Amino acid sequence: SCISGNIQGATIVDALDTLYIMEMKEEFKEAKEWVEKNLDFNVNAEISVFEVNIRFVGGLLSAYYLSGEEVFRKKAVELGEKLLPAFNTPTGIPWALLNIKSGIGRNWPWASGGSSILAEFGTLHLEFVHLSHLSGNPVFAEKVMNIRKVLNRLDKPEGLYPNYLNPSSGQWGQHHVSIGGLGDSFYEYLLKAWLMSDKTDEEGKKMYYDAVQAIETHLIRKSSGGLTYIAEWKGGLLEHKMGHLTCFAGGMFALGADGAPNDKTGHHIELGAEIARTCHESYDRTSMKLGPEAFRFDGGVEAIATRQNEKYYILRPEVIETYMYMWRLTHDPKYRQWGWEAVEALEKHCRVDGGYSGIRDVYNNHESHDDVQQSFFLSETLKYLYLLFSEDDLLPFEHWVFNTEAHPLPVLHKDDGNKEENQK
């Protein structure tokens, strides 16, 4: 697949921490042995820097922090080093694609004017800070701090971050803004960088709350039926469409509520609850009670997919992720109820002999399976469901921050004797 080129084992590495958290000790041991023997980064393959970072680096880091097994640390740092050539651009904004043998990078041919993508280069921060922490090599953290420097220097249209940035000129591409695909996890990582730093990363904090302010002003709207949604912005024009990926934002708003400026805590929780409700509606309004890839709010239509190519469900986690955050932060029982509805729908419509499959049309009464089990199903969907029905002291938020692939990374407390600091 284009995700990881020829690096084999995405599903195994993505599922390591899930196995550990669910106390599936035999399977974890088997997976660890596979990683020791077979996980090989010396392949002549072009990989997605973003996908390899969030799935492989993230998965290995979490497996290390949970189990303490040295093999995972060693492999994570080795892979991190393989990704460094992606940053060899005039601005230091990394390429999207990298040949890990030759170190040659390029961008997606479809991306606006040869640009890198906000959600891709903006979703390296958490993992690279931990790579510096674990290796004692400051270069990883320096690379991601430089990305911030470039972004802070640039003028933002209406305070919003466009999805495309040219790594050679350091200028924005098309002025498209999205909290769904192409933008999503950039915003998540601003907030989580601050949380992971034990609330010392003031720059990350400011960038996050400023961005949320702009998002509220320009992208968040209420439908005539009273559903709050986040639209997409195309050069000043709104498209009243929300992607399944955007549904993560409910959990993000709630997670960020506690640090919100000028008494806005309640407002951010409320915003999270409203997004959760809208996304639950997108599930409830289908035959299968599983949400479509994207849904619209126009022409009298609300929270429904109107195009055939948006009616599929590929086992995505974002809605359940938001239920989990809302449950932990409010303990309103409806979030567990909604999560259970999703469990029943997954069992009924997605369970097949070999595992779980995505579905081509959630509005249809009979399943048409796509015959793919995405690695994020094991990493995220099942983990967030497990956490939704677990006690709050399993991976508590004060000690753990989840990367965008649901890999838990420890908060770096000021007294952690940070190796990176000690070696400067």
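Note that Cβ sites are derived from N, Cα and C of the backbone, with glycine treated the same way.
According to TrEMBL, the feature active site, proton donor maps to Glu51, Glu293. Annotation comment: TrEMBL describes Asp184, Glu318 as active site. The disulfide bond annotation in TrEMBL covers Cys247-Cys279. The Ca(2+) binding site annotation in TrEMBL covers Thr404.
Features recorded in TrEMBL, as mapped to the structure shown.
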{"residue": "Asp184", "record": "active site", "Cβ contacts under 8 Å, 6 or more apart": "Ala119, Ser178, Leu245, Thr246, Phe248, Ala249, Thr404"}
{"residue": "Cys247", "record": "disulfide bond", "Cβ contacts under 8 Å, 6 or more apart": "Ile275, Cys279, Ser282, Gly291, Glu318, Val319, Glu321, Thr322"}
{"residue": "Glu293", "record": "active site, proton donor", "Cβ contacts under 8 Å, 6 or more apart": "Gly243, His244, Ala305, Glu310, Lys311, Tyr312, Tyr313, Ile314, Arg316"}
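Taking the active-site residues Glu51, Glu318 in turn, the residue surrounded by the fewest other Cβ atoms inside 10 Å of its Cβ turns out to be Glu51. Over all protein chains present, the Cβ of Cys279 (disulfide bond) has 28 other Cβ atoms lying within 10 Å. All chains included, 24 other C-beta atoms sit within 10 angstroms of the C-beta of Thr404 (Ca(2+) binding site).
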